[in-house]
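> The domain 'EngB-type G' feature in Swiss-Prot is assigned to 27-201. Positions annotated as GTP binding site by Swiss-Prot: 35-42, 62-66, 80-83, 147-150, 180-182. Annotation comment: Swiss-Prot describes Ser42, Thr64 as Mg(2+) binding site.
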Amino acid sequence: MTIRNFNYHMTHFVISAPDIRHLPRDEGIEVAFAGRSNAGKSSALNTLTGQKSLARTSKTPGRTQLINLFEVVEGVRLVDLPGYGYAEVPEEMKLKWQRALGEYLQKRNCLKGLVVLMDIRHPLKDLDQQMITWAVAVGTPVMLLLTKADKLASGARKAQLNMVREAIIPFMGDIQVEAFSSLKKIGVDKLREKLDTWFSEIPPEVMIDEYDDEEGK
């Protein structure tokens, strides 16, 4: 397989949806970003794409209640899933979000990979582990980003990284763990490389359509 280098700076917003029934057709390739409400998910997407406001960051955790789709090129999408685990959100709404997350991860056929973001100081909370379990159960590879890595000194950062790598072994899945910081750009290259690898497995018919469109210009 040839690894393509995608230009994530060209990423643009497509649609917001409350559940998978309101998403575009289940085709092409999607990589989803998931994490607790204060894990830095929106900041990571903005850093990856070089766009300060592509994914809205909020001072109030839990504001992202919809599935947000962004297109890199035709047939290649990044998906910002609702943040989870915020204590002040009503229980009924929490359950609704969790159902939407589980349904997306288990039923969306074009989902190629899952990026789970966790604060490096508080990794692998119950809901983080649930996301990993759902992904592994359907054979979806996972990248765990330990965010806010700049908050720890180098030694403590490496210790947390090694601890999480050991802790995820029992999940028996295709899981890569990296330290990440939107502020200091730590781990951004590794995220980009992983996305390029996943997206390079895009179905041939989509690649042909894209090539034909460019030839016709």
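Backbone N, Cα and C atoms are what each Cβ position is placed from, and that goes for glycine too.
Give me the lay of the land around each of these features.
DSSP assigns Leu66 (GTP binding site) to coil in the three-state reduction, placing it in neither a helix nor a strand. Long-range C-beta contacts of Leu66 (GTP binding site), restricted to its own chain and to partners at least six residues apart, with a cutoff below 8 Å, comprise Ser16, Ala17, Pro18, Pro82.
Secondary structure from DSSP puts Ser42 (Mg(2+) binding site) in a helix.
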> Within 10 angstroms of the C-beta of Lys41 (GTP binding site), what count of other C-beta atoms is obtained when all protein chains are considered?
26
> 10 Å Cβ neighbour count around Asn38 (GTP binding site)?
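Looking across every protein chain shown, the total is 16.
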> Kindly assign Gly35 (GTP binding site) to one of the three DSSP-derived states: helix, strand or coil.
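Gly35 (GTP binding site) sits in a strand per DSSP.
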